[in-house]
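Here the structure is laid out as structure tokens; the discussion comes afterwards.
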Amino acid sequence: MAQKTSGLIQRCRFLLLMILFLPHVMTSSVLSVNGKTENYILDTEPGLQESLKCAVQNHIRDEELLWYREDGRVDLKSGNKINSSSVCVSGISEDDNGITFTCKLQRNQSVSISVVLNVTFPPLLSGNDFQTAEEGSDVKLVCNVKSNPQAQMMWYKNNGILNLENHHQIQQTSEYFQLSITKVKKSDNGTYSCIANSLIETKTKDFHLIVKDKGSTVPIEPIIAACVVVFLTLVFGVIARRKRIMKLCRKDQGPQCRTAL
């Protein structure tokens, strides 16, 4: 009987320990941002303001939260740290596209959740509007482009699709769309249009190319040498003339006498 009672007591102790430790096992803290418990992408636009609210779920004690913008820690007020914390992203611009905001538990920073800003905007085009080139030289028309989503790019010439010739070359990156023309000809004169077509809007920027006649090449060295010869000739001529004048003056000078009348 005593053995049965002892075994029953041990079982009760075991069950009691399981009950005590169960909340710690089942209620591990989970973070959410704006109600989402997984990392996500937030679609937004320039000029808008977005609010991100991070909250601790299943916590059994007060938890301090941290916010990071990329690798930089966000300065939070004292009343905006415990169990829930909000940050406002105001004045969103095109440069904020791809920026990551991360909320972390202070005591265990491996517990975190991130939000990536997806700032959508129409194409922004820029570049040198006017270029003048000498016939036979090389020219680069660089159309700087910024767009999200990425735009489809094309070159037009004088309002028509550009017919690429052997001396034309196109290069495209995520930041620019470039047309290179080697040994430009008179026929390359005209207005070149950089066209960006995105799902939001189509934008155009014009580049005006003026090809001048090839100037005659004048050798500079012979001109300099001729100028030096002329200068030295003039100098020697002046010196020789001065010596001749001085000789004539000496011949004209003789003994002077005073005559009293």
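Numbers here mean position along the shown chain, with the first residue as 1.
Heads up, the Cβ atoms here are built off N, Cα and C, so glycines get one too.
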According to Swiss-Prot, which candidate among Cys103, Cys143, Cys194 shares a disulfide with Cys54?
Cys103
Among Cys143, Cys227, find the residue that Swiss-Prot gives as the disulfide bond partner of Cys194.
Cys143
Are there glycosylation sites among Asn83, Asn108, Asn189 that sit within 10 Å of Cys54 (disulfide bond), Cα to Cα? If so, list them; otherwise say none.
Asn83
For the domain 'Ig-like C2-type 2' (122-208), residues assigned helix / strand / coil by DSSP:
3 helix, 54 strand, 30 coil
Spatially speaking, which of the recorded positions Asn83, Asn118, Cys143, Asn189, Cys194 is closest to Asn108 (N-linked glycosylation site)? Use C-alpha to C-alpha, please.
Asn83
Excluding near sequence neighbours, so keeping only residues 6 or more apart in the same chain, what lies with its CB under 8 A of Asn189 (N-linked glycosylation site)?
Leu209, Ile210, Val211
Spatial neighbour of Cys103 (disulfide bond) that is closest, considering only the recorded positions Asn83, Asn118, Cys194 and their CA atoms:
Asn83
